[in-house]
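Asker: Questions regarding the structure given below will be posed in turn.
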Amino acid sequence: MKNQQNGFGLWMLAWPIFLELFLQTLLGTVDTLMVSRISDDAVAVVGISNQLFGALTTLFTTFAGGAGILIAQRIGSGRMTEARSIAILGVSISAGLGIAVSILLFFFAGPIGSMLSISPELQPLSDIYIAYVGGGLFLVGMSVALGTAIRNTGNTRGPMYTGIAVNVIHIVLNYGFIFGAFGLPQMGLAGIAISNLVSRLIGTAVLYVLFSRSFEIRVKVKDFAAFSVRLFKEILSIAWPLGINSSSWVFSQLIIYSFLAQLGAEALAVRTYLNTLESYCFALGFAVAMAGQIRIAHLYGGGRTQEAYTGAFRTLFVGLAIVTANMAILFLSGRQLLGFFTNDPVIVSLGVSLLALNLLLQPAKMLNMAMGNALNAIGDTRFTMYISVVSMFLISVGCSYLFGIMAGWGLSGIYWCMIADETLRGVLVLRRWRGRKRLRSRESEAGFQSCRPEAQASI
């Protein structure tokens, strides 16, 4: 079977995912650039608030991730009706959890900002941003679930086109609300939040239309009333470790951001700007890892375990080459790029010094993501959960406080701790994948013999 069959070739899946991620990163960059025209304080508020939103987003995207893996596996084994039912259930649960989270953020924005150690002078800005953007997080939950289901059917272009439309709308509204153009009121950070909500609402509506047409039997609103206990348990068995894994990463980053808040607004601003630049460099590598997960789940579902095994290494090698090259370019042009965001020489100098450490951090992250996604694709989500919880909180968080705050190493110390965490987890998931434990179990269950050395791989 060729790579391109049924749209499950690595590059056919990866390039639309990359373009979508690139556009999402562009959306974040536009926000950062436009907010920087307000003040560096506003940038700091957006940076730490977005870490909170990312942490909470994992609560209602957990089911989407678990459902996506099962959708690809079912399609690989030819069980299209079950794939459709799993997709519907994943969207329903994610939407329900998203609504609950949005209500919490809208009504308790002030206390939540205080919990994040946001300084009193930044509190008024954070109250507005957390309430407005956080109140619309249910749209993120729905769009993530819808987009995940659509991609795992092999259609990665639909979410990409939707991303293009959302970006154009968001940029236009941002400009209008910040500068008072197009007859819109000049609203500053509140305008950014409103622009965010409107563009997300439109994007979610478009994704729903695409989702409803992604299966042989069209999805209707009444279908969301159906609930299968068996499928729910199956999704949950994959999703809860996946969710804890994702939550551990995001909450560890949130805690690290609270450490940065103790270092001051400059440290927060530097990390926010670097996050934006790093996202561009890692976007294609991340897309390759996501495409690899979809493809491996599809192959695993169809019993083609040797192709799944070797496909993970192809994903890794391609991703490492891309990420390393991109980070080298960023390192060489970092000062000029940071100059687009701020004229503060202290922030620029600190940011440039940290870009060298990214030459180690980003390849380690690619190793961890490529092999971790491969394990997730075959349902081996508990192993990645165990090592993530231990490593992230002991090494990434614990050592960041020890060296970054107590020892006074600042941002450099925190970056070294993140490098150690990503490298350790990457090595462990690589060893787990090479052991083939889950793949051999799959062969025994289904009677497949495709993992023998003489089997031919089609990659």
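Glycine too: its Cβ is placed from the backbone N, Cα and C atoms.
Note that the coordinates shown come from a computational prediction; the quantities given were computed from them, not determined experimentally.
Quick paste from TrEMBL:
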TRANSMEM  7-27  transmembrane segment
TRANSMEM  52-73  transmembrane segment
TRANSMEM  85-109  transmembrane segment
TRANSMEM  129-149  transmembrane segment
TRANSMEM  161-182  transmembrane segment
TRANSMEM  188-211  transmembrane segment
TRANSMEM  280-300  transmembrane segment
TRANSMEM  312-333  transmembrane segment
TRANSMEM  345-362  transmembrane segment
TRANSMEM  383-407  transmembrane segment
Asker: Against which stretches of its own chain does the transmembrane segment (7-27) lie, if we need a Cβ under 8 Å and a gap of at least six residues from its ends?
Answerer: 151, 154-157, 159-160, 163-164, 166-167, 170-171, 276, 279-280, 283-284, 286-288, 290-292, 294-295, 298, 311, 314-315, 318, 459
Asker: Out of 52-73, 85-109, 129-149, 161-182, 280-300, what stretch is closest in contact terms to the transmembrane segment (312-333), meaning most Cβ pairs under 8 angstroms?
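Answerer: Stretch with the highest Cβ contact count: 280-300.
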Asker: Can you tell me which recorded stretch out of 52-73, 85-109, 129-149 has the most Cβ pairs within less than 8 Å of the transmembrane segment (280-300)?
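Answerer: Of the candidates 52-73, 85-109, 129-149, 52-73 scores highest.
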